[in-house]
Amino acid sequence: MRTQNATAYRFLTPYLLVFAIFWIWPIISSFLISFQATRTVPWRFAPTFNWGRLVGDPAFYNALKNTLLILVIQVPVMIALAIVMAVLLNSPLLKARGLYRFAFFAPVVVGEVAYSAVFRLMFSLDFGIINKLLESVGLEKIDWFSNVTPAMAVIMIAVTWRWAGYNAIIILAGLQSIPEDVYEAATLDRVSKLKQFFYITLPLLKPVIVFCAVLSIIGTMQLFTEPFLITERGGPGGGTETLGLLLYRQGFRSLNFGYASAVAYTMAGLAIAITLVQLWLTREPK
Amino acid sequence: MTSRSQRRLGRSIALHLFLTPLALVWLFPLWMMVVFSTMPDNGIFSPGIELLPHDNFLDNVANLQRDTNFIGAIGISVSVAVTYTVLSVLLTSMAGWALARYEFHGKGAVVAIIFGTITLPYAVVLIPQFIMVARDFGLANTWIALIVPPLFNSLGVLFMRQAFSMMPAELFDAARVEGVKEWRIFLFVALPLARPMLAALAIILFLASWNNYLWPLLINSQPGAMTAPVALGTLIGLTKVSWGGIMAGAVMLTVPMLIVFVLLQRHFIAGIAAGAVK
């Protein structure tokens, strides 16, 4: 085929301009900013100013620890739940499929602010419906937002509620691309449904599940709105502060762009590492 | 044979016994959002358990409007989401078309850069974007600030590139032989053929803009320039606000999207399944 440079770039240029200005340049720029002291005018180059502070900052380790804790617990639980939802929604035995799909997929369209408000109200100490229900079955009410562990639990529950169905949609699409005759053969050979799930479904779904896991990890790593709104700026006492919230606090409350950029690049480093793990996990066998 | 159909029936019952409670738990927050939005504040903060809607919704909307100009913010959100969706669909489908259908210098590099940076967290670009838009361009609290920076999103490009490259080349070659210009082929042959994909992409982009929170929170923080989620977010955590009002706002943000979701479920699911979000 002959090259069509002029035509191609006429179609491509409008997007490329936006992409370069608001994505590529900022990626480079925030890397450079992380090596500058930004609270002096003019900014000055000081390579260890922010990064040196970062490695010795208890607030950073606290946010990193909280973020990783949420990741390690919430993502596997959510992915497992999403697999269960997808497999069961795909069952030919299911009646009123549309209603169940609506129940699990509806949270996908709910905005972060709206659902944060609802979860905050549902889990409030004295008048929250969750505590009222706990008490009505004879259990003690829980002070969800004054203690770190229950506050973290609320965040994980909220995120899981919001995103499990989203992952189930992707996994369901993966399931539907598995050819029927694989299962027919297994059924003829009297392989139980449970065994079919572990020995046929799961291995064939592996790339989709890894994709979902990576997407979820990168999303959860940037968690901001939930600790910002549900647990009131990462409370109690920084107990639910995440890297996303630390970045917001440093960058946009203290206007410390240099330090916030170092935090942002820490997140980028984690994302790159996770993406490499994904590529390794889903590599084509030689 | 009977035992086999009995086993089937047993499995079917077990399936529904497991899935129904799970579905109810999943619907519960949405249901409570609706219930709260119809209750007066003294009803929300009373010891009784209320699980059914009341009739206080319009009063709550009035309370919300007293706390913040929510109707105005909805107006901004709708205009921004519509404009963003139209522009983003246009830009990304043009780029996707070029990448799918032409050979040109730098093509490999463009594709490599898009793929190579797609998993970087959005947090990385937040600070430079803010400095650029607010300080260098002086565009904080404008519509441009809400609409233009998020147009960088590259998933639409990959989505449309995929859509266009699956179309048979003969469709376009026939038009070329007759001397039809490339941009007319794009507009009048390729785009109409891609309608289902465009619908899926448009829905996903609209939803992303409608629900976008962090960027509008940072860049449009003045009361008259806030989007609806940002305006609602400012009330959460304040002491002297109407929670019935906040819930009415949450319902106004959510229920229209739920209706769209039910009506256009197929496109929604196609868009998400193709990974066109985030």
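Just so you know, glycine gets a Cβ as well, placed from its N, Cα and C.
Here TrEMBL flags B:74-264 as domain 'ABC transmembrane type-1'.
Annotation source TrEMBL lists transmembrane segment at B:12-32 (among others).
According to TrEMBL, the feature transmembrane segment maps to B:70-97 (among others). Residues 61, 64, 143, 146-147, 150-151, 153-154, 156-164, 186, 190-191, 194, 198, 201-202, 205-206, 209-210, 224-232, 249, 252 of the same chain lie 6 or more positions beyond the ends of the transmembrane segment (B:70-97) yet place their CB under 8 Å from a CB of it.
Distant neighbours of the transmembrane segment (B:109-131): 99, 149, 152, 154-155, 157-158, 214-215, 218-219; these residues of the same chain sit at least 6 beyond its ends, with a Cβ under 8 Å from one of its Cβ atoms. Look at TrEMBL and you will find B:109-131 (among others) tagged as transmembrane segment.
Residues or ranges marked as transmembrane segment by TrEMBL: B:143-164 (among others).
Residues or ranges marked as transmembrane segment by TrEMBL: B:185-208 (among others).
According to TrEMBL, the transmembrane segment annotation covers B:241-264 (among others).
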Against which stretches of its own chain does the transmembrane segment (B:185-208) lie, if we need a Cβ under 8 Å and a gap of at least six residues from its ends?
-> 81-82, 84-85, 88-89, 92-94, 97, 101, 150, 153, 156, 159-160, 163-164, 167, 171-172, 175-176, 257, 260, 264, 267-268, 270-272, 274, 276-278
Hey, which bits of the same chain come close to the transmembrane segment (B:143-164), Cβ under 8 Å, at least six residues off its ends?
-> 76, 79-80, 83-84, 87-89, 91-93, 95-97, 99-101, 114-115, 117-118, 125, 129, 133-134, 190, 194, 197-198, 200-201, 205, 208-209, 212, 215-216, 219-220, 227, 271, 274-278
